[in-house]
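S.K.: Take this structure, written in structure tokens, and hold onto it; I'll ask about it next.
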Amino acid sequence: MDPVPDLPESQGSFQELWETVSYPPLETLSLPTVNEPTGSWVATGDMFLLDQDLSGTFDDKIFDIPIEPVPTNEVNPPPTTVPVTTDYPGSYELELRFQKSGTAKSVTSTYSETLNKLYCQLAKTSPIEVRVSKEPPKGAILRATAVYKKTEHVADVVRRCPHHQNEDSVEHRSHLIRVEGSQLAQYFEDPYTKRQSVTVPYEPPQPGSEMTTILLSYMCNSSCMGGMNRRPILTILTLETEGLVLGRRCFEVRICACPGRDRKTEEESRQKTQPKKRKVTPNTSSSKRKKSHSSGEEEDNREVFHFEVYGRERYEFLKKINDGLELLEKESKSKNKDSGMVPSSGKKLKSN
């Protein structure tokens, strides 16, 4: 083998090396014959083409690779909406009923019809009866969702507090509402709003009953820091089929240590704040009334007004003022009556 000559480091060195390389002429190359199974070669100018139909062996769709859509900022998620909290019985006349358990301190769950509010203990079962006027479509479900009641909190997602979440080991430990007594319960979290809900298939009532009972439990107290933090919540119970809402009912929920006591306290507070209903005589137009000035003053004095007072001390103070004014009015009327007594002789009677 001849030694490689030392070439100068320049642009022309590669050209000189390439010219020294020898290769056989094209005529000496062996090409496939016509009888070979691979096909025949046909000379066309300076090119050799294989004269064979490859349609049976060549997949012409090999380059038809589906193009996956690339996510861009122009693709927006579906719009989020504020949950509806108004009742909607729908064509199936959805109704909810709660067991009557009173306000005893020993009850674990009680419902106030006056306040449309459920009071229950932490992780205690609350039976809720569901009634419809006709059989829903096959595959219908009942969905329970918790939302905050007040407008300033409605955008926040209702979740359990970190303390109670860490004590639990189930996959849906962040969910506030759970369905008990059913292996078919499913827990969901909306990918856009992050709101959580639990569903259970609708089951027709048992023979001899008009109601279907579901068992709900609430896994966090209303006063838990880092969770509800004393913010009132609502439970939205919907009857759905394939994403379509057939009916909706809402009620407020308070999770506390003593449901009976809290229900009694809030109902009494509601009664105190509501003014007593009085019969009001319709008044005619003043232009049509022909009364004396004195009779008009008497009518004004008989008119009753109501206003709310906060605080027992302030109420007692205003009550004393009102009692004093009524006493002065009574004494004034008594004096006017005595001074107005005149005998038949025209002489004024002396008052004792």
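Just so it is clear, glycine is given a Cβ too, placed from its N, Cα and C backbone atoms.
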S.K.: For the region 'Interaction with DNA' entry in Swiss-Prot, name the matching range from 62-69, 230-237, 254-261.
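M.R.: That would be 254-261, per the region 'Interaction with DNA' entry in Swiss-Prot.
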S.K.: Using Cβ atoms and a strict cutoff of less than 8 Å, what residues sit near the compositional bias 'Basic and acidic residues' (262-271) while being 6 or more residues removed from its termini?
M.R.: 103, 110, 112, 114-115, 117, 119, 254, 256
S.K.: In the predicted model, what is the mean pLDDT computed over the motif 'Bipartite nuclear localization signal' (276-291)?
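M.R.: Its mean pLDDT is 54.
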